């Protein structure tokens, strides 16, 4: 296969950035979004020619949108087309390539191998398919892509038809020695008319940082990065102008306010749909705005939701959780700007962090909320170096992430030692950060061991003393154990192929391990809500009611991968006989097909929370 100048087009697009600062088992894992290339405002982007399929597009307002998006002929799923610019890649060790005036000598890890290529596209497809289902737009007839539209990579000029967003993808090695960035992306051009949404963007995947296979966390980080290209950047200026619920275009969508409980001034996004989504999640009906991240340096600050209160939402700037949730808050942002109409049926709103904790969770410090019994999301342990714990959301084994800094501002000093604290983007509030090799969701080569660990998409973390008969007892500690949540609200566990029951009423308590064979010990079950994360029996998210009440079950409005994929090259191979696996919360179950290099395999995304509704 000749990679040089190879160009192909598909109806998907995504970009991904990931920075792993700590990978050893005795350190928490931290991913940081540091896209300095996004430290721009929309009005700084050049414009390009865009022709709409509908001559007189209507403003995207709440009254015009209905949950029956499938029957609304004026809207369609966001259509991505991707141009692969692969003329600047490493094909062999020792090759010298030039990128943006910098010469790069290709090392072994820099070569874009077939395996790395497959990982790139698996991540790419999965995130793009999710966003295509979640964001709808009025059809665009054509987009003029100028030569070298994104300046740092090469492309020929072309007229792209029947697409709403164009992504240029490259795979250039990092120009910085020792860098651990997986990929970066940026918007490159916008429409020339209100609301001036980005229309062309790019991503560059760093071959040396591509893992052997795409994980669920990486797919969501990918969705994070494509969101930046779509317009999730410089939030304070970008969200200043918005479409109100009555369809009028207004200013004043952002504001600065002083939070006396936090002892600091914060910047807020106060657009109506974002407010409705955040109020529903936090249970704060008087919330005046959603905090914008103010820490993390250029490219992180100002371009994300505040980590202290959102932590595991997909658009936070620093990630130390095992999984992310792409929520209605982020979908609502795009609709408030008038860029897209949101399909809230695909939103992953059942994340636990801050759920229904009330206004004090947002207005008071994490230490005050912990001391007053409002919050249990944080961990205030000064000596946390050796203590392994389950993460707050039960998706991983980790430790309380407390570090020593040279100095910490007084309003963020929570410990008797004034220089101790968590991550700056958490306002130094400590949380249990996941170990890089103890993410319960990621399948391990050691499927079972003498402590009862078993990893996979249904696995969650439990405190346990389990030990296989004949092995030394290492005492109580966190274990990753496969789980099932029954319709009645009970948690069932699988221990080395045997079923163990948590309390039948879903309450906290010890699991019944008396019938286990060959392994013994105790398992402490948390409340079933912590494990299952379901909000009500039907699985309908709060946002579906807070913003727009669908007349259909949300599962029926989700557009799955098989219905939305058109690959314009090569045959499609599909794995047969695989059934969706029921998980809670709804993460993506992936079926992937093989195929020649380089082409994204067909990914079929099945929202797990809908499996029972769909009759599978």
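Positions of Cβ are set from backbone N, Cα and C atoms, glycine also.
Annotation comment: TrEMBL describes 225 as active site.
The Zn(2+) binding site annotation in TrEMBL covers 224, 228, 304. Taken residue by residue with DSSP, residue 228 (Zn(2+) binding site) is part of a helix. Of all Cβ atoms in the protein chains displayed, 26 besides its own lie within 10 Å of the Cβ of residue 228 (Zn(2+) binding site).
Residues annotated as signal peptide in TrEMBL: 1-24.
Counting in whole angstrom, residue 304 (Zn(2+) binding site) lies 11 from residue 225 (active site) by their C-alpha atoms.
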